[in-house]
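According to TrEMBL, the protein carries these features:
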REPEAT    193-227  repeat 'PPR'
REPEAT    294-328  repeat 'PPR'
REPEAT    392-426  repeat 'PPR'
REPEAT    493-527  repeat 'PPR'
REPEAT    594-628  repeat 'PPR'
REPEAT    794-828  repeat 'PPR'
REPEAT    829-863  repeat 'PPR'
REPEAT    864-898  repeat 'PPR'
Amino acid sequence: MGKKSAWRHSSLKSHLSMFNRSLHKTSSFAAQFLSLLPFCRKSQDLKALNSILILRGLIGNQSLIDHFINHCCHLRSPDLALQPFRIIQKPSLYLLNLLIRSLCDNGLFEDVILLYKNCRNSGSSSDKYTFPFVIKSCAALRDVWFGSLMHSVTLKNGFGENLFVQTALLDFYSKIGEIRNARKVVDEIPQPDLIVWNAMISGYSVNGFDYEVIRVFRDMIIAGVKPNASTLATVFPVCSRIEADRVGVSLHGLSYKLGCIEEESLLPALISMYANCGDLLASRDIFDASTRKDVAIWNAMISAYMRNHVQENAVAVFQRMLVDEMKPDKVTFVSLLPLCESLECVGAFHSCVVKFGFKKECSIVSAFVSVYAKLGDTDSAEFLFRGTRVRSLILWNSMVSAYAGHGFYEQSLEAFRLMQADGFDPDGISVISLLKSCSQLKVAMAGKSAHAFVVRRGFDGNLNVVNALLAFYVDRSEMICSFRIFDRMALKNVVTWNTMISGCVAEGDLERAMLLFHHMREERCNFDMVTLISILPSFHVYQSSPFGSIIHGYAVRTALASDVSLGNALVSMYVNCGELDAAWLFFDDMPQKSVVSWNAMLTGYRVHGLQKVALELFRDMIKEDIQMPSYVTLLNVLPACEDVHQGKSVHGYIVRRGISLETPLVTSLMIMYARFKISKSCLILFHIGDKMSISLWNTIISANIIMEKVNTVFSFFCELLRSRIEPDEITIQNLISACLHLKNMNISNSLLAHLVKEGFDRDVALVNSLIDMYAKTGSIASARRLFDSLPHKDSVSWSIMINGYGLHGHCEDALSLYSEMRLLGLKPDRITYISVLSACSHGGSVEQGRMVLGSMIHDGVMPGTEHYSCMVDLLGRAGRLEEAYEIVKTMGHQDCSGSLLASLLGACLSHGNYELGEEVGRFLRPEDCGPYVILHNIYAAAGKWADANDVRLLLEQNQFSKAPGISVVC
């Protein structure tokens, strides 16, 4: 072969020499020029002939140019034909189509577009052989605008029903993500052939509509169209993604039946399918059985091991590949690049890439940019990027994504802008990174501009882009915009539904979140782990453990329940619903527990007052010694300590294990010691902690209030101000609480002056606390002035003011304020009604109390135990004991609280209705001490000493003791 090639080269040189001499002697140079063309075998030969055409003035000979262009296309060097082609004034349609097809086949898509535009501007015509390759170039370049224009041009020129054109349009719309338009094109084809079916299947697959792929494949078989290797190579990855292993195995058998099992494109797809299903043995058998291993098959096997985290086997296959003298390509290196888990490894791998001559390959550079960025070395990523002169859209996307993925959101936006300035039209991947940056930076205008860009460029058919738009609006809490986009989406995948469900849960619209989940099931969209983790928090608000159990059932049936993250969410759901036994059963059955699992269970026991059980669980966690307790664990354990010895034991454990004393842990320890009145330990921890943290100061102030050292609270506050640390709302709430304890109007007024000076008087919650403070310290007039000064009052403001009037016995003022609230169109809540009913009780206004209770029921607010307690107290004070007893009977044994029964028993005692008191006594529960004491007094007053003694004996048996009274009079 070497001798033959050398002979041809020398023959071409001799012919060129003869040709140059003959140009001066004869006019038959055209024939001699044509005789040279068969000797051209390389682009260098064509360049030599092109030089002759220019130097000898032969460039104007159209016949020679036609033959020269034809030969350039035949040798796959169409770029050399561009300059001669431009000189032709009226090129033939055949020549135009030949050059456009050759440029397209050789990946020179931008030249295709430019050539077509120039010919169109010069008046050249186009036909059914021109448009498919121009449209294919638009698809390759993701040029949405020009591709859509070409669709219009084909329709205008009457080629809209041509099968070649329709197939090209189908491929174009599929590649740019506009799957709806692709489907419309297919629906217009009366009898789709295999190429059309393959394009449709590929389009659905690329855009993530896996179940649609299976449906279209089934329709294809029903239509009597026999699939080929290309069809199966597209369907195999889908089978693995939707975990349809049996379908994949059946299709493997079909490939044998069709005789295409040895096709080059099919074997890599088969290897990947079995690998994605976790069957590496089957993948390896196919690989070893292959007699003709090309680089794609080697790459498939390497990728199979990489996806299944068997890196050592991937390296072994790569080494064998080199031993077998199979030269790796850029896909090989991109597949192996995730092996690099350190910067040193990346550097060594980079050297290997340079050795094989791929250092300037744009896809390789893009992969290295991503890996460097993933490992946190954005400087190296930038260095590689800036050192690449010829950049591609993929490289720009890698850089934009690298910035966005590592929190450099402003740089990401700047890179996006520079990409456009560099002449690259952003694609869907670019827009997704852009929207992420806009969301994190909370720049609404830029995000909405990106939305407009998506619509203008036609990306609104790309599912991934629309999902990113949904996420942007959900992050901004603009659920109305999110639902507008969601409702217009013709196709939705699991990411779409997850985004909307999590958005509704975050906004507290839990009913709609549950409704979305049901719609998702109705539309037969398979949920995933993220769906269940998103929906589970919505159940605890409704106390809907049955619904949560249904979700648990879904998780078990889909084999997701074994996932630790989902298991933690299920434990939290059962805990929040109060189903601690179910939570424990699931927790105890979990094959793997993370520290979050233990924390969820500990939180449940602590919140439900089971401190002893929480401490026992903490001991079990320490004994297992598998999971190191986090500071969240300790934050749950410390409030559960029932005595100082337990608290000190936990503190000692923290010190022994060297757990970092973060501020939340220090503050929790301080509160624990404050509960046991150990002020010295509180002070030591305060001095150890970070004094620049306002939460530390808030805790020492709160601890002194708990220890009833209220006088020292303001000393710490003054020290806080001297430290130039700004107090926050919690600080002020603590100070207001201290003022309540002191009941000193001078200090209260000084605090109010400070709040006005610092601008805290605009905070509704703080002013509400001040109103409550003044009402409870005796200055109802000051409380009313503060209430009237509030520009925006919430329901809490009205409730506190009404309650204040009730405490002072101003029933008429409380009812007047309640009426004013209703006249303003404000709807009272449950707390407001408690305040009004309590005021009526203090004022003895029975009829008004009945009216308020009736209004409450009319407004759709169902009365609770607290509301009925107020009514029982009101009726009892007024001597209407029978009516009060009717309310108690209506409520039943379970709903009657001890305080409610004590109130009615006290009224029976004071009004001398001992018989009714005995009837009420039947509702008492063994754990209620106070009501039993009153019942004893009723029996004693009625002269029933035997019954009185029985009650006293019951109190002694249950070890009840009445809390002694305390007098503040010295």
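Every residue gets a Cβ built from N, Cα and C, even glycine.
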Positions whose Cβ lies under 8 angstroms from the repeat 'PPR' (594-628), at least six residues beyond its ends: 564, 567-568, 571-572, 574-576, 578, 580, 583-584, 587, 636-637, 639-642, 646, 650, 653, 657
Summary of DSSP states over the repeat 'PPR' (829-863), given as helix, strand and coil counts: 27 helix, 0 strand, 8 coil
Residues from the same chain, set at least six apart from the ends of the repeat 'PPR' (294-328), whose C-beta lies under 8 A from its own: 264-265, 267-269, 271-272, 274-276, 278, 280, 283-284, 287, 335-336, 338-339, 356
Overall pLDDT of the repeat 'PPR' (294-328), taken as the mean: 83
DSSP-assigned states of the repeat 'PPR' (794-828) in counts, ordered helix, strand, coil: 26 helix, 0 strand, 9 coil
Helix, strand and coil residues within the repeat 'PPR' (864-898) as assigned by DSSP: 25 helix, 0 strand, 10 coil
Secondary structure composition of the repeat 'PPR' (493-527) [DSSP: H/G/I, E/B, coil]: 26 helix, 0 strand, 9 coil
